[in-house]
Amino acid sequence: MTAPTVPADQHGHPLPGPADPAANDTWRPSRYREPLHPDNEEVLEQAAYQAAVTRSSGDDRKRKIKPRRTVDYQGGVQKWRMLNKLKGVHEFRPAIHPNPSDIVNFLPPVALRSNPSTSICDYWVHTSINKERSPTRVVRWTPDARRLLTGNDKGQFTLWNGASFNYESITQVHDDSIRSFTYSHNGQALVSADKGGTIKYFTPHLTNIHGFQGHREACHDVSWSPNDERFVTCGDDGLVKIWSYREAKEERSLSGHGWDVRCVDWHPTKGLIVSGSKDMLVKFWDPRTGKDLSTLHSSKSTINTCRWSPDGHLVATAGQDSVIRLFDIRTFRELEVLKGHEKEVNCIEWHPIHHSLLVSGDALGTINYFSLLSPTPSTPITTLSAAHEDAVFSLSFHPLGHILCSGSKDFTARFWCRARPPGGQEFDKWHLTEEGAAQKELERITKREWGTNAPPANAAGGGGGGGGDKQQVALPGLSNLVAAVNSVKTGPTTTGGGPSGLPGLGAPNVHAGTPPSRVSTPSSMGPPGPGAQGQAQGGQFPRGRSALPSQNDMLRHNHGSRGGFADRDRNGGGDRGGMDRDRDSRGGRQDPRGNQMYGRGPGGPPPGPPPGQGGYNYPPAPPNYPPYPPSSYPPPPNNQPGYPPAPNYAMPPGPGAPPQSYPYNRPPQGPPQNNNPGGQGNYGASASGGYGQYGGGGGGGGGGGYGRDGRR
């Protein structure tokens, strides 16, 4: 069979084209490729954003997207309405946990009328800077509370979003500095005044509908009447003028001030006007007759601002003397003088819900909160010392009362909200377990009370009675927390692992009234005393008196003090600390042989503490270490069970009298051991404890009584 002929050129090279027509039906890949996947939408959006930034800026600089910060602009109204609609839970208030997600459980101030402190807006949220570098003279929330309107020294209105606080629009409305503007009570009109004395009308959409010359000089303040039919203005011409809004005509001019009138305010419900002037006078006017009803002469400087309280009973005035004066119109007397500012006070604002809460701003940039329900209403309850970098000119609360806005000379308007649940480092039991959360709280309180000299809060130490190796976490919130966990293992036979006492209940060497800075730490307490070995078994340090009595102190009238648990002893404070089970004297009971045993219980006192048998005195201080502090407790009454007798006490012998000698034959005594008189088990470093003769009542702080063989 003849092979097919391959077409070739004159040089013998094959011509293009398959020799076999069937070769066109076979596809042979030149290289292997992965199937194409569409790009992620997020990647496409980011690329589109970067392209738009490049086109707008003309360069290739990469800019980061910064999300807007939004607070609880609804003030918890939705949550509150839901709770009100549920039957039986209208008084229910959800708990706020330390988690940012719990912000949904915030309720509006109107739901918390009984607690004004929940409406203090001291948490900074956002700073809005004017587009034009000009001081912000006035800040006011719009009637719908969705936006904030500010006026500056260049005669411009600026709108800011009330939720994200970003800039929305700016409008030139005056030819001079805007000094005041206010919305009517029904929210349908806006009246503004400037430094040139011009008064203008605006719609809620900031459309100028009318303007006229109201004062010959600067107009400083504007206030509406309760029915929105009239408004009142004041100016540097020394006049207070009442205007008809519909006719835009002056109805009455109130003259009586001898200098510039800086502020004016109409009573919220009645026909009464208050004004303050540079002549240091506060005047009350009747708008129907134009007469001066009363004049207050308390101030000794210029009056910068005056405001009626929302209930209309009080009026607050402030000026260059840096104090705020409260007057009660029912008596026309000064009620209180609020101090706390260092410079002149420029603005005052009452809380719209809590009428006892007042906020003020001064020329130093400080914002102070005052509460008339406070035990000391003359001092601020909250101070924002650096709220602004320059003088604060205006303050305005959100109608719900959960956000405060402040305008300043530093060209900014700053927003403040209520304190929110903390985030970032959760200290709850769901993140750190219960012991971890308690440990974190303990470390926080330790650092607060001890500062940089705080010992480690998790230091393990020997405790009375062999408590095992499990770490005991102190209870947070009590006093003397650090002393409860400060522990250092002392002695060669330390076996205990528990804490030395509950916080505030028997902390070592902490006396009543001792400040945290004076509490002895393990590094400053010195080496143990003569009973170091017994001390290490029953507790690592001698327990001094604390701010609260210990459990042993409270129960020692009824029971012998129980030290730790050793091998076989119930009352011994350490290894073989007391008697055996057949000889322990727990609180002065009869022993099996019929003899009366006197422990630290109600069995009655012995005729006196023999040397080395335990007494009520403190042990001698070790050399080169500070002596034990004197006791702050009063001396115990005479003949009280469990306490030592008086120095000259002598009970006549007879039936029922305490024995004058040992009920058993004393064991043979060796050479005298030069032992110091031991202290009581709970108060001394000696190994002897209590008043039991054969192991009675070993102390929790030291070894208990006699050993099992009857010797010390």
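Each residue, glycine too, has its Cβ placed from N, Cα and C.
Within the listed segments 194-221, 446-473, Swiss-Prot records region 'Disordered' for the stretch 446-473. For the repeat 'WD 2' (173-213), the mean pLDDT of the prediction comes to 94. Note on the repeat 'WD 5' (298-337): residues 262-270, 272, 274-278, 280-282, 284, 343-352, 355, 358, 360, 362, 370, 372, 377-378 of its chain, located 6 or more positions outside it, place their CB under 8 angstroms from a CB of the stretch.
Secondary structure counts, DSSP: the repeat 'WD 2' (173-213) has 0 helix, 22 strand, 19 coil. With DSSP classes pooled into helix, strand and coil, the tally for the repeat 'WD 4' (256-295) is 0 helix, 19 strand, 21 coil.
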